[in-house]
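> Below is the structure I would like to discuss, written out as structure tokens.
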Amino acid sequence: NSSDLSPSFILASLPGPEGAQAWVAIPLCSAYVLAVSGNGAVLLLVRAEPGLHHPMYFFLCMLAAIDLALATATVPRILSLYWLGSREIGFGACLLQMFLIHALSAAESGVLLAMAADRYVAICHPLRHAAVLTNAATAKIGLLALARGVLFFLPLPLLLLPLPFCGSRLLSHSFCLHQDVMNLACANATPSVVYGLTAILLVMGLDALLICLSYILILKAVLRLPAWRERLKVFSTCVAHVCVVLAFYVPLIGLSVVHRFGKDLAPLVHIVMGNIYILVPAVLNPIIYGVRTKQIQRRILSLIHCQ
């Protein structure tokens, strides 16, 4: 019905018999439990350990909090889709979920940029690091990253509100994304298309370029060191951050490519890529920093020994 201004949408589920859907949800639920426990442990660990009260670990806490919020905004709804067969999502709930996904992703991108800047100052200007990145400045950067995500992506649901939706209501993913919902509108969605692309380029695109620039400058500074062993030691402090950046941007780029060029791909590809985009950073980030950061390893080992 084209006059329906508040439609509901149908979330995509993996193909297969209904009995198999519950089994499909088990790895998703396991990944969600890992994400919640891992990121929750990072938050508790940094809070409890005064020796970790430094900008790098505060940024890591911000990353963990964003990953927790992003996973919680999507995965429980996905699990209800597979376990309870609840495929229908209301218009308002879909727009809210869409806004949270895009705004939190933008905030995560901003925190990753701030972490790259932290590594740049620590390596290229070590004497100024404590003066530039104080705890107060770190908190302001985190709030700025969140505010930027909210301000840039709040117009997305507002631009979709007046559009009529008719015909198919089937989404390509198990959650709501702007590109996906926008494609179902049966009216001219050009303003929404233009604004969505502009926002993504100005936020995630610009952040990615600045992160690359920071690492070019870091590499120049590292290569000026006289000994290879010293170069490797200095650059090893960036390995965890590089891995986290790849864990965020590779699924993001993959999902964008699938949306842009994958119209003829099987629905399974869209669903799997969407789930990877939501879950992979949230699961991998605490593991990467837990493996690569000696201070976190020591704290975890001390807690185990106390038990």
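Each Cβ is built from the backbone N, Cα and C atoms, and glycine gets one as well.
According to TrEMBL:
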type	residues	note
DOMAIN	38-289	domain 'G-protein coupled receptors family 1 profile'
TRANSMEM	20-45	transmembrane segment
TRANSMEM	57-79	transmembrane segment
TRANSMEM	99-121	transmembrane segment
TRANSMEM	141-165	transmembrane segment
TRANSMEM	193-218	transmembrane segment
TRANSMEM	239-262	transmembrane segment
TRANSMEM	268-291	transmembrane segment
> Residues sitting near the transmembrane segment (141-165): Cβ under 8 Å, six or more positions beyond its termini, same chain?
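Residues 2-5, 7, 58-59, 62, 91, 95-96, 98-99, 102-107, 109-111, 113-114, 178, 181-182, 184-187, 189, 191-192, 195-196, 199, 202-203.
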> What same-chain residues lie close to the transmembrane segment (193-218): Cβ under 8 Å, and 6 or more beyond its ends?
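Apart from its flanks, the transmembrane segment (193-218) reaches 102, 105-106, 109-110, 112-113, 116-117, 119-120, 123-124, 148-149, 152-153, 155-156, 159, 178-179, 182, 235, 238, 242, 245, 249, 252, 256.
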> In the same chain, who gets a Cβ under 8 Å from the transmembrane segment (268-291) while lying at least 6 residues past its ends?
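Those are 12-15, 28, 31-32, 34-35, 38-39, 41-42, 60, 63-64, 67-68, 70-71, 74-75, 78, 101, 108, 172-175, 177, 240, 243-244, 247-248, 251-252, 254-255, 258, 262, 297, 300, in sequence order.
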> Would you kindly list the residues that approach the transmembrane segment (239-262) from elsewhere in its chain, counting only those six or more residues past its ends and only Cβ-Cβ distances under 8 Å?
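Residues 63, 105, 108-109, 112, 115-116, 119, 172, 177, 179-180, 200, 204, 208, 211, 215, 269-270, 273-274, 276-277, 280-281, 284-285, 288-289, 291-293 contact the transmembrane segment (239-262) from elsewhere in the chain.
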> Calculate the per-residue pLDDT averaged over the domain 'G-protein coupled receptors family 1 profile' (38-289) and state the result as an integer.
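The predicted confidence over the domain 'G-protein coupled receptors family 1 profile' (38-289), as a mean pLDDT, is 91.
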> I need to check the long-range neighbours of the transmembrane segment (99-121): which residues 6 or more away from its ends have a CB within less than 8 Å of a CB in the stretch?
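Counting only partners 6 or more residues beyond its ends, the transmembrane segment (99-121) has Cβ contacts under 8 Å with 55-56, 59-60, 62-63, 66-67, 69-70, 73-74, 128-129, 132-133, 138, 141-142, 144-146, 148-150, 152-154, 156-157, 175-178, 199, 203-204, 207-208, 210-211, 214-215, 217-218, 237-238, 241, 244-245, 248, 252, 278, 281.
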